[in-house]
């Protein structure tokens with residue numbers, strides 16, 4: 001339909017004839033677009049609802065299969081001071097329930113330098129393994145041979161560090177027994193004998209003060225960040241606000257840099273600085289059309305490549321996150337927001353950040369007319385952006401950072417292949433974590449929905465991009481990379497909520513586009529019909545929200561609790577700070 005409307009235009013290239021354009025269209029074409037908006041919204045809402053129903057089934061099965069001790073443990077925050085010890089906390093819950101219900105209680109400790117001492121001990125034990133391997137490779141020499149001397153030195157260091165760790169562990173244990181407020185924190189874990197008991201315990205209010213004994217489902221024992229759990233609740237809130245302020249500070253500083261770098265790295269600017277390139281383009285005009293689109297997007301992609309690391313450092317070091325899973329959830333939220341803001345709004349921001357923001361502040365409704373005026377004409381920029389993005393999943397298959405770290409340890413530190421592999425893992429959790437990857441998928445979805453009516457060819461490029469991503473990340477996550485923290489589908493739920501927001505932007509954008517392309521510039525007719533599709537989207541959102549996913553229905557908990565004897569035999573981990581584990585000393589002494 002677009003081609004028929006623009007095929008006689010001499011001002012448009014071949015791709016542009018398939019776009020909606022900027023010239024007024026006949027009313028019948030606008031009505032077709034309004035109907036297509038309804039189709040897109042209805043089909044998307046129905047598909048999302050069906051997918052969410054399948055997800056809840058998988059989520060329930062995941063909740064049933066949660067291993068002990070996570071399945072029968074609760075995380076307790078804001079423990080009153082008189083109960084901040086293992087014995088006092090266990091006694092309190094035994095009094096509330098009974099002794100047969102409680103298995104154990106554990107209060108998070110402030111361990112000071114103990115965690116650093118344990119890390120040094122583990123590093124020293126690894127050095128002993130390497131030294132012993134080198135000594136055996138040299139033929140097990142005796143006397144004052146360098147390999148033997150190095151092995152003895154490493155063994156003595158392990159013995160010294162083992163004694164220091166054992167002494168520090170005893171001091172922490174004695175302090176917890178006394179309930180020392182300098183060591184015992186307001187956070188702890190209570191493990192019950194059954195899943196049903198832990199479920200019932202998580203639903204109660206224990207004191208008149210509702211802030212005391214705040215109960216929630218704990219993260220996986222291997223995924224916890226204990227140093228953040230040791231913070232007081234008030235301190236945690238303050239650090240969270242500091243993290244949010246830092247993120248918005250990054251956003252404020254990043255915008256002018258993105259606009260400045262994008263203006264400096266245009267193909268026209270490069271031709272002015274490189275006369276030979278300009279002469280080459282004059283000889284081959286087709287290079288100008290191809291490279292203009294590439295350089296317009298490559299600078300943005302390269303500059304945004306540093307954004308995940310900046311956000312990850314802020315979230316991990318400033319915000320009071322309880323687990324690495326929570327870090328990835330926040331990465332998905334903030335990085336997804338940044339990508340949509342920077343990439344989708346880059347055409348509007350390039351007009352001038354200050355002018356755009358002032359215009360929107362004066363009339364907030366103007367943002368959609370601004371997008372409707374600029375985004376349709378920028379479709380080729382996003383074509384190039386998605387096409388250039390095809391290389392990202394392909395390059396990730398190589399695992400560049402791990403590859404070069406492996407060879408660096410082999411060449412410069414003379415490590416064996418197994419040693420170099422241990423030091424070369426894991427991959428960067430900022431750029432290659434599930435949060436950043438879900439955020440990038442949101443961006444592709446946002447671009448696809450935004451241009452699906454204005455430039456239908458976007459479907460071809462987005463389909464290839466998402467297909468490559470699915471195949472690549474399925475292989476990497478399952479077979480190649482270190483095991484990612486399991487969120488139990490929280491990233492999926494957040495992605496669905498973001499998708500509803502993206503579809504809302506699509507509806508409002510198309511309403512503005514149809515009003516702009518109307519020959520009478522009236523809101524009645526196609527623009528109003530397109531806007532009315534918000535009702536269908538709202539019904540779809542309500543349907544998704546009615547599907548409970550966060551906890552198992554009580555009847556399922558009762559049934560699972562009766563069948564939990566087999567799960568109890570296969571416990572995975574325990575809620576104990578790694579530096580307080582007495583097995584560390586036992587293993588070092590063996």
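Every residue, even glycine, has its Cβ placed from backbone N, Cα and C.
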TrEMBL feature transmembrane segment, matched against 206-231, 336-361, 414-439, maps to 336-361
Which range of 167-189, 489-511 is transmembrane segment, per TrEMBL: 489-511
Of the ranges 363-380, 381-398, 471-488, 543-560, which one does TrEMBL list as transmembrane segment? 381-398
Which listed span TrEMBL calls transmembrane segment, if the choices are 4-27, 28-51: 28-51
Ranges in play 121-150, 241-270, with TrEMBL marking transmembrane segment at 241-270
Against which stretches of its own chain does the transmembrane segment (489-511) lie, if we need a Cβ under 8 Å and a gap of at least six residues from its ends? 33, 37, 40-41, 44-45, 48, 51-52, 55, 58-59, 62, 325, 328-329, 332-333, 336, 340, 368, 371-372, 375, 434-435, 438, 441-442, 445-446, 449-450, 452-454, 527-528, 530-531, 533-534, 537, 540-541, 544, 549
For the transmembrane segment (523-540), what are the same-chain contacts with Cβ under 8 Å, counting residues 6+ beyond its ends? 27, 30-31, 33-35, 37-38, 41-42, 44-46, 48-49, 500, 503-504, 507-508, 510-512, 514-515
Quickly jot the same-chain residues contacting the transmembrane segment (442-469) by Cβ under 8 Å, restricted to those at least six beyond its ends, or write none. 2, 15, 18-20, 33, 36-37, 40, 44, 332, 336, 339-340, 343-344, 375-376, 379, 382-383, 385-387, 389-390, 393-394, 495, 498-499, 502-503, 505-506, 509-510, 513
Can you tell me the mean pLDDT for the domain 'CSC1/OSCA1-like cytosolic' (72-228)? 89
